[in-house]
Structure formats: structure tokens, C-alpha cells
Amino acid sequence: MYIKEITLKDFRNYKDLHTSFHPRVNIFLGKNAQGKTNLLEGIYLNAMARSFKTTRDKDLIRFGEEFCRIHTVSKAFDEEMETEILITKEGKKIIKIDGVKASKTSQLLERIYIVIFSPEDLKIVKDEPEKRRRFIDRELCQIKPGYYSDLSSYKKVLKQRNMYLKEREIDTSVLDIWDYELARYGSRIIRRREEFIKKISEISSDIHQRISGGLENIIIHYEANVPYSGWETTELEFYKILENSREDDIRNRTTGHGPHKDDLKIEADGIDLRKFGSQGQQRTAALSLKLSEIRLIEAETGEKPILLLDDVLSELDNERQSYLISSLGENQMFITTADISGKVIRSMPEGKVFKIEKGTVEIEI
């Protein structure tokens, strides 16, 4: 699986760009604020239908323009595929796959598999629970058909319930409607997350042993806000929890239970790394998590995902840089950096180096 070429029209600081990529390693060299990350963002957007930098689609449109367009040609599952996303200032988003308008976003998510690795991901162990939930959801949306729909439906119902909880007069029969829906979609989310974390924990344990030289053993626990005890049982238990906590929810004017409150606990040799781990331990655990994400996609889909490394090499020492690059030699990679060591370049398979300056891209090597 790899991206052959991309066209950006009025996207961020790119007026009109068309460039072809190497199926292995593509390095984008340049100073800050030249457009390196914007190019990665365009690649990510055309696979995931959303940015990894902003939730406001209109921010993606070049200043003074009415719309932006991102078009890619990719090779996946032994077939060539074209994808295109058009975003207007009014917030309209049109997705086309091989020239045909997609009826739902999930059609795009199942075509190209992308893993993004940025300096923010190195903080996933110590940062707030929302980032760890986002890590889970981002991958499940790609590898499990239907998860994106369940997650979107859950968020929609949760928003409606929370809005209703802010009303002066609350009718419990109305809450019943929201609670049944929350329990229905929430139990599916909990089940998928439970399965996912079991697999990720097993894979990351093996990877972490290698990175740490066998000095540490990592275990990842899924801390579900609503305990998982089987799909149907969890749905019923979730509904009862919502029913029993209505007084608290009405008083707090928000929903206090559900998968929107879930978290991960990451331990190394029994030590909670979020609370007591050193920065080095936390970063090594984060690297193990990202590499296990890649391994799991390969195991679930039979395809090697495309990797976007956004200025992450500068946050790792040379040893971890070399391990990261050498262990991913068969995946297509896009790497942004202001500088890169000769040792790391020598550890890379064949590829291309691009120089990026003020929204222009030139092949350097």
C-alpha cells in the first residue's frame, strides 16, 4: 500500500501543487512554517476524511479562496485508486472515490490505512485521557467496519442528552430515549475497545522488550467507565448506570458515565507510567504503542499502513530514531524534519528527499 502522487489546490499555503512520491521513504526537509506538515495533513485528510491538526475544515482553505481540493492516486489491495476531497468555505465536504461521490465517510476509511506519529504522540502516556481515547478510536475507525458509525451516533446522542440536561425542566421519559440509545451504541464501542486493547497490549509488550533491551515489560489496561461483561449484558448494565445516575447528571448538567470517560493505564514492571514514569520511559512506551498500532493494522488487514512521521525524529535520540526507521523499512513513510543525521539516513531503505520552502516542493535527491 502506498501513495503514488498528490495534487493540492488552494490547500493551506499550497496554491497549486502536484508531486509524485517514492513507494518507500519520502523525506520533507525545510525550516518551520514552510509547509512540511501541511503536506502531511493533505495526505492524512485524503485517507481519514479529516485533519489531524484542526476540526474546522474551512481553516484548510488557502486565504482568500473559496474552496480547496486534495487529490491522490494510491495503490492498495493490488489496485490503483483515486480519491478526492473538496471543501468549501461554507463547510461542505465532498468525497469522491475513483470519480464516484461517496455516500458515507466510512467508505474512504476502509481504503487507505494511515498512521500519524507526531511529537504530541510522544506525550500520549502522560497527557489527558482524551488523547488516549483518540488513539483507540483513530485506529478502530480504520480496521473495524461499523465502528465509525457507532462512534458518530454515540457522540450525537451524547451531545443531545447533555443539551437536554441543561434545560430547567427535565422529563425522565425523554432521558429514557437518550439512555437507551447511549447504551446501544456505547456497548458496541466498549466491546471493540476491549478487544483492541487486549491485542495492542500483547503486541506492544513484545516491541517494548526489544526497544528497552529486555529491561522492561509493558502492560496496557483498558479502564472502561462502564465495565464490559459481554455485548448484551453491557448494554443493559450501561442503561441501569445511566438510570441510577440521573440525579447526579441533572445536578451536574452533563453525562457522567460512558465510553467518553474511558482511559488507558500503561504500566512498566507494575509502575504506572503516567504517574511515576520518567520522560524516557514514557517516550519509549509511546513509541511501543505507535509501532504496535502499525503491527495490528497489518495483522487485521493484510496491508502495511502508510506512515506519517511529523517532526518526530527530532524528539528521539539517534538510537530510537534508527530503531524506528529500520523496523518500518517495508512501509511507505513520509518524514518531515528540519535536519536529519547521516546515521539515520544510512539506516533507511531507498527513497526521495524533497526540499520544501514557502509552499513549493523540489526533489533534492
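Glycine residues also receive a Cβ, built from the backbone N, Cα and C atoms like all the rest.
TrEMBL entries are annotated by machine, without manual review.
The feature domain 'RecF/RecN/SMC N-terminal' is assigned by TrEMBL to 2-337. Here the domain 'RecF/RecN/SMC N-terminal' (2-337) has a mean pLDDT of 91 out of 100.
If you look up TrEMBL, you'll see Gly30, Lys31, Asn32, Ala33, Gln34, Gly35, Lys36, Thr37 marked as ATP binding site. Its own atom aside, the Cβ of Gly35 (ATP binding site) has 24 Cβ atoms within 10 angstroms in the protein chains shown. Gly35 (ATP binding site) falls outside any helix or strand according to DSSP and counts as coil.
Using the Cβ center of Gly30, Lys31, Asn32, Ala33, Gln34, Gly35, Lys36, Thr37 for ATP, the list of other same-chain residues with Cβ within 8 Å runs, in sequence order, Asn38, Thr336, Ala338, Ile356, Glu357. In this structure, of the binding-site residues Lys31, Lys36, the smallest number of CB atoms within 10 A of the CB marks Lys31.
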